[in-house]
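According to TrEMBL, the features are:
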type: ACT_SITE; residues: 388; note: active site, nucleophile
type: BINDING; residues: 111, 406, 407, 408, 430, 459, 460, 481; note: L-glutamate binding site
type: SIGNAL; residues: 1-27; note: signal peptide
Ligand code: GLY
């Protein structure tokens, strides 16, 4: 894929003029007769992110003639400032880019890596028990961050802005600050102890007298502004080899962490081929390993395609039962086979083959939930021929970006790099600390996901782009740990099977099953009668808080429809 043919970027000075010519008011809600939910609509592009300030700056880039990748990288850095608990330069992620002109869809893998000194049993005590405190809340919980390198690579290969131009809004937001929204203040209050345990983190999130910021007060991040300014002036390698790298290494050396200068200097993002499948005439592209997301989205869609889901209807017991049964089987396979393909063989072709889906489907009964204890990982080999943030952006020139990135938990490890102003991830918990022992999301991992130096830990992040007749059609993805894959699956099904507009599709209640524990998790909004029917088939229902935040776009008939997920109060979509 080559850098996209574009109107040349107009430069920061002309952004204001461009905005005047393209007033934000042009981004309106679509009035779709008879619908309860209305997406944002645009005719020349769309931005949907989990924070309105990030949406605004990315929209400004598009309005000034930048392409979707320019806007995505700008949003990625802005979210690291406005939502420091999730989108963050101390973590990593994945970006899918689809270029209608060339027909290519590529995946940028900027997942964190295990430091060179990491060992298979580093999170086990002397008795061989996995110690979750070590893999979640210590300096050893951090993988080598990939976000700065990944966003810079995207820009260099597919964007038109300089890194300094893409960083400028983030630097401004960090320096000048922004008004604290309720979600920010509530998050800090909830995370309480974790954010006061380390002085560097306390100094970042609390006032000098130790009191929390109130809603409406201005939140400034001078250390983060200085870090982003160094990257803008010296390039992405500054993070890995300059003063920022020194600050990370000093933080590690003070607290028995593992990340060294060599780990940072050696970090490289990768360009990979996404997982691909076909669902009812749509081409589905989603993130390949080291994420499990794309493989299992395709696997579940293959199982479900044989059923008349549209005829059964959204929220019907039959539909929900079949989805749960497909989910269980996919997550059982995840526990056995998935890992970083640079280190282990993953039977990708088998897992995503229609033949294997036929075999799995044959084990599904329509009137009875298969207990998870009766489901073991299957055998795809014969079919083998030899808290997180998501945003979606599309421009009017056929370029679309789906990006999910994370520091794992909300606030990651809870440890800020002193003097650098960002939190370290605790992504090492996504490895199997011990085969068979669940991680923080209850996900079981196997040998394929054991810790090895330089390896990328298995992810569930599922940035996804669906094409119809060769055109970008649906751009989606979500945060949510283990629930990312099933959230993304449901946005796809809501659009393709149930014909929902994108705002309805992201707003509709969700369900989730991950094989173990054997429970069908349900958001509020499904009928009690339906849940009773599911229980009668043997499902154990558990009522859950909201799952995921799938900022999504549908492009149809020359219109861009944006769906901001109401599960995040700061979500916003803006068209132009
Ligand atoms: N840290 C969550 C994931 O990557 O799946």
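Using N, Cα and C of the backbone, Cβ positions are placed for all residues, glycine too.
Just so you know, TrEMBL annotations are computer predictions that nobody has curated.
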- Starting from each candidate's C-beta and looking 10 angstroms out, tell me which of the recorded positions 388, 460 has the most other C-beta atoms. 460
- For the recorded L-glutamate site, enumerate neighbouring residues of the same chain (Cβ within 8 Å of the Cβ centroid of 111, 406, 407, 408, 430, 459, 460, 481, site residues themselves excluded), in sequence order. 91, 92, 388, 425, 427, 457, 461
- the residue listed as 'active site, nucleophile' and residue 407 (L-glutamate binding site), distance between Cα atoms, whole Å: 7
- Note on the structure: DSSP, reduced to three states, assigns the residue listed as 'active site, nucleophile' to coil
- What remains of the binding-site residues 111, 406, 407, 408 after requiring a CB under 6 angstroms from ligand 1 is 406, 408
- Task: Between the Cα atoms of residue 408 (L-glutamate binding site) and residue 388 (active site, nucleophile), find the distance and write it as a whole number of Å.
- Result: 6
- Item | Cβ packing number for residue 407 (L-glutamate binding site), 10 Å threshold | 34
- Query: Is any of the binding-site residues 111, 406, 430, 459, 481 within 10 Å of the residue listed as 'active site, nucleophile' (Cα-Cα), and if so, which, in sequence order?
  - Reply: 406, 481
- residue 408 (L-glutamate binding site), Cβ-centred 10 Å count of other Cβ atoms over all protein chains shown, is 31
- Task: Have a look around residue 459 (L-glutamate binding site) and count the other CB atoms within 10 A of its CB, chains all included.
- Result: 29
